[in-house]
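Features reported for this protein in Swiss-Prot:
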- 157: active site, proton acceptor (ACT_SITE)
- 53, 55, 76, 92, 117: S-adenosyl-L-methionine binding site (BINDING)
- 304-318: compositional bias 'Basic and acidic residues' (COMPBIAS)
- 327-337: compositional bias 'Basic and acidic residues' (COMPBIAS)
- 304-337: region 'Disordered' (REGION)
């Protein structure tokens, strides 16, 4: 596969690199904001699960254009390359200490908006992925209840499923309006969407806590069909299609043929704006590049062949020829895995 193939298959990936966004997800936030104006008048914003930082970039660009005194706090477990004007916290969003640090950076005040584009590493088992995403939204809501001011807004990624209406009903207990937003840059074939909760109004007597394992119980059978205030598609319908492949020649693929001289420049491949600084998979990649896994595989194959050969001589069953767990652990220890 050529290095330009993804530029052809994913126009938003290509545009993100050309416009110096760290990820294509920047367009999702911009399209939601264009539709709902959720960043208008915001002076304090929190970006949860922020790495690699594309949503923080959008916050920085749009908030500082309107108010130079705005403050932005980005939180992630992983380290993230610096972004001008963004305060970065490497911490756990399930920790009260992290919430206290946010409020400290805001000089004792609470945030106008909390956004979260986080998602678990998907397994391909849809029910499990949906459950893990729901757990992440719960964690995001828990810290949001500590740092969001009344009247503030909350935006989070969700994976749509048959149980999604329960989540909307639960959120409606804390926010006056709940929308389901689907940006144009989010692939239509994906179950990804964004729950947008407007005007934070917690119930009387509500005490924020990080210990919640679920939102307040709601009888799913009693959910009203109008629990969501609207399903909204965001973005220009005549614009780029996230499902379509485009030619590298910008003249041939620009919608409606409306391009200026700057956009007519010859296509040039660009690397990603900001690769991960210290990804969790880096150690595994280093071991793979150094040949550790190949050596381990070869060693185990030799051991298995020897056992099979010995088994034939001693007439062992196939199950008896397989290396034991202890033998595999010794092999792994040998290669420092």
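Backbone N, Cα and C atoms are what each Cβ position is placed from, and that goes for glycine too.
In this structure, the C-alpha atom of residue 157 (active site, proton acceptor) lies 15 angstrom from that of residue 53 (S-adenosyl-L-methionine binding site). In this entry, 53, 55, 76, 92, 117 make up the residues listed for S-adenosyl-L-methionine, with the farthest two CA atoms of the set 18 Å from each other.
Between the binding-site residues 92, 117, the minimum number of other C-beta atoms within 10 Å of a residue's C-beta occurs at 92. Least crowded of the binding-site residues (55, 76), judged by neighbouring Cβ atoms within 10 Å of its own Cβ: 76.
Burial estimate for the recorded positions (53, 157): highest at 53, by number of other CB atoms within 10 Å.
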